[in-house]
Amino acid sequence: MTILSAADIPSIALLYKLRKLPPTPPAHPLPTTHTPPTPAPRPSSTLNARLAVLRGDITHLAVDAVVNAANRSLLGGGGVDGAIHRAAGPQLQRACRALGGCATGSAKMTAAYGLPCRHVIHAVGPVYELGDGPRSAALLAGCYARSLALAAGAGCRSVAFSAISTGVYGFPSREAAPVALGAIRRFLEGPEGEGIDKVVIVTFEMKDVDAYNEFIPLYFPPVLEEETTAPTAETDRAKRETDAQLEAEAEAVANELPSAPTSDPSDAGRAGKKQKHDGA
Ligand code: ADP
């Protein structure tokens, strides 16, 4: 099992550069529920260096905080919640019990015990309500904002998110990804976000990989290389050197990355996952 630290996880700035992340979304129509962000997000190399996307198991990340997709009891369940509790050990459940549950759309933090990260933030996403997308979206955005505020308040510099609500709670990935990205961008641009160096979006299933590939270019657009001055032999050489360095860095990173899941979890694997208490 490979444990990755925040520095090992390539930012989207690097993924764009290496063309491992498409710079424009695919041509198919956006979900009807999607409201384009206003004002349109501007390309920012500093913001793009602070966002990462990685397909793999969140329990293998040695970041400052990982964000769990918990339920309101905070006592553990299936899916990513089960994986986090298994890897952390029984002390995590004891710590969660002392928190007395958590409201939907909010989050609470504990230590990480047997996990390689320092903190676990337990966010309670909404159960997706068909026909009540805006309410579900507001609650989901609340999970991201509250989790980031808790992380920043605890001095965390790196935070990894699981795809909250997109499993058993039924939030369509193509609706959840823009909500998550909008909330992350707002936080990173605000004063509270200054201490956060890296937010890692951890995808597990292909539907989430596809959704993030589609929406990252809309919320964190690539920075086009400016050609303000005519290239000289000197600038050409410098550019070749930088590209080679990035390429080498990326190759080193890629060799270290854990193997992504080869199949999506089966429905049987999700059985007994969570109690969907009151739909809130
Ligand atoms: P929810 O009930 O909030 O929908 P789930 O645990 O069912 O929570 O799913 C949330 C997301 O976590 C899903 O996209 C699922 O594929 C993903 N997931 C499951 N196990 C892991 C894991 N070990 N690491 C990262 N993500 C995971």
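Cβ atoms here come from the backbone N, Cα and C positions, even for glycine.
Here the compositional bias 'Pro residues' (25-42) is broken down by DSSP into helix, strand and coil counts: 0 helix, 0 strand, 18 coil. The compositional bias 'Pro residues' feature in TrEMBL is assigned to 25-42.
The compositional bias 'Basic residues' feature in TrEMBL is assigned to 271-280.
What TrEMBL lists as domain 'Macro' is 38-220.
The region 'Disordered' feature in TrEMBL is assigned to 25-45 (among others).
Look at TrEMBL and you will find 227-280 (among others) tagged as region 'Disordered'.
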Integer average pLDDT (0 to 100) for the domain 'Macro' (38-220): 97
